[in-house]
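Asker: Have a look at this one before I ask anything.
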Amino acid sequence: MEWIAAITTGGMAGFGLWMLLDRNLKRVVLGVAVLGNAINLGVLTAGRFGAQQAAFVSAGSGADDLANPLPQALVLTAIVIGFSLFIFALALLKRTRELHGDHSTDLISSMTEQPAPDWHAGEHGAAPEREHKETRP
Amino acid sequence: MMALLVAPVLVPLLTLVLCILLRGAPLRLLQAVSLSGALALLAVGGYLVWLAAGGTILSGQMGNWQAPFGISLVIDRLSAAMIAISALTGLATLVYGISRDEDAPLTGDFHLFVHGLLAGIGGAFITADIFNLYVWFEVLLIASFALMALGGGKRRLSGTITYVVLNLFATLLFLLAAGLIYGSSGTLNMGELAVLVRAGEAPPGTTPALLLMLLSFSIKAALFPVFGWLPATYHVAYTAVSAMFAGLLTKVGVYALIRLVTLLWPEYGLIHEGLLWIACATMLVGVLGAAAQTEVRRILSFHIVSQVGYMILGLALSTPLALTGAVFYLIHHIVVKANLFFIGGLAARLCGSERLAAMGGLYARWPMLALLFAIPALSLAGIPPLSGFWAKFLLVKASLDSAAWIATAIALITGVFTLLSMNKIWNEAFLKPHPQGDEQLPQRLGLRSAWFSVAGLALLTVVIGLAAGPVIDYAAAAAAQLGDPQVYIQGFLPQEGD
């Protein structure tokens, strides 16, 4: 059981990393999700499989062969957190697509590397399209 | 006791909830509530520092589950100081954010997420449980994502994507490390882990997992060679946001590194040797990167990297004096760095650009701003009698004592280059006439609270510099606690055999 989980973890982690290195942003974001799930499985596996019983001790039953609940609790926490972060990344992706109509990582880097936008010194009002001087017509 | 222990998390969380409830209310009301929340957190931080200065180590178990099974919370001198200084930075950020930033006043969402960030940071400073630390990292991360994306726009969202993906990657590494540490050593409690590792009883699989965790913290702290995400993204956010990030976020990584390394490896060893070289490379690469930049916030972002190198230098040398220097550096750096970003934003606002080429004339029109810039800038470079001088003095003396000549030389050279960088900003933005003529500069702007925030932090820098004695004493006492992990551990971990 453990070696199946270990191979799956490794395979998924490799696949996730490969996707992270893609030019397409969609794949990068999905890659984070795949890598996250691989690591979740890894954390669960590191906590050992084997014991079959749920970790509840009731009056009549003995306390042997109980599965360790801690790795399960850890992974549950990580899944919830990972899911919310994934949703945020997806929202970000959607907005970027609306703005750029494109999903390439090169575009993202070049946008970030653009010089800081200028605005007229002391300008007070809202100026939604503040663009760099040289690009202004 | 327990209430006080969780107050660094509860106060910002409560304020966060109030801010959510007040989203429809007038902005003034929300700002008042938010500032009161930050003041309350500052009061808590101040009280914790006062307690910690007396030698008290607060500790407790969540839900009364005994250590090492339950989550331990511990506040020692370092934690208390970090909580107080983050509360102060949060307060300064919120005050700065009242005046308009760039083109529009910051909305209630800004206040809400700042408190979310403070809650995450507070949690990271009080926990003594590795998985819990991961959870707090995620809390502060999601708040920082939202803060960075605030305001939207092409450039900002592009930067946010880079920031999100790289930080998620680092956090995933941390999660994996936490899982592997539990899998091999059977504990997530930092105290029990420290006892195991120092006794050499940890199973062989633990060390690689711990190294993976150090790597993840190094990404968070922006150490060489994994600092690339920081200068690539910090300049796109609102000024108030990037100032808060600059002050606090990397320092959470530095704190985690200091906490883990001092707990697990109190003796100088291979880890420290590695950290020493990484620290030297971080200082040098950061400051050289800054030399190539031509925008205020990009220059300052690279300086964050180089300054983090100093703190890691202190950690790597791990003598009591070096740790004192590292703690002092942390305290001084948070104040100075956040303030430089604030001033950079203010200067950009007044000049109409943050590109140095398009700035100028500030000294003629706003001599007061020039003075306020000079204080943190000279402090950052380490000019006496400002706070940065004492921070660098302690570290340089510690590295001389340890006969780490190369590290000493690099620390001094980095100081000189820092001064050159600050000089560049000074010449371009302050001395040089404005390219469009000085009359372009506005007479006045509605930036009163931003001035207030900047002046307050500058005053604090001067005070730390002039009254360095008590602060150094506190840092030395904090370093003494760090140097003797048993003190930290016995507060919450039942001792065996006695």
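Each Cβ is built from the backbone N, Cα and C atoms, and glycine gets one as well.
Curation plays no part in TrEMBL annotations; they are all automatic predictions.
In case it helps, TrEMBL gives these features for our protein:
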type	residues	note
TRANSMEM	B:6-25	transmembrane segment
TRANSMEM	B:37-58	transmembrane segment
TRANSMEM	B:78-98	transmembrane segment
TRANSMEM	B:110-127	transmembrane segment
DOMAIN	B:129-418	domain 'NADH:quinone oxidoreductase/Mrp antiporter transmembrane'
TRANSMEM	B:133-151	transmembrane segment
TRANSMEM	B:163-183	transmembrane segment
TRANSMEM	B:209-230	transmembrane segment
TRANSMEM	B:237-258	transmembrane segment
TRANSMEM	B:304-323	transmembrane segment
TRANSMEM	B:329-351	transmembrane segment
TRANSMEM	B:363-383	transmembrane segment
TRANSMEM	B:450-472	transmembrane segment
Asker: When only pairs 6 or more apart in sequence are counted, do the transmembrane segment (B:78-98) and the transmembrane segment (B:304-323) reach 3 or more Cβ pairs under 8 Å?
Answerer: no
Asker: Which listed stretch (B:6-25, B:110-127, B:304-323) has the most C-beta pairs under 8 A with the transmembrane segment (B:37-58)?
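Answerer: Highest pair count goes to B:6-25.
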Asker: Who are the chain neighbours of the transmembrane segment (B:304-323) in space, where the CB to CB distance is under 8 Å and they lie at least 6 residues beyond its ends?
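Answerer: Hits for the transmembrane segment (B:304-323): 221-224, 227, 230-231, 234, 246, 250-251, 254, 257-258, 261-262, 266, 268, 272-273, 275-276, 278-287, 289-290, 329-330, 333, 337, 380, 391-392, 394-395, 397-399, 401-402, 404, 407, 411, 414, 417-418, 476, 478-480, 482-483.
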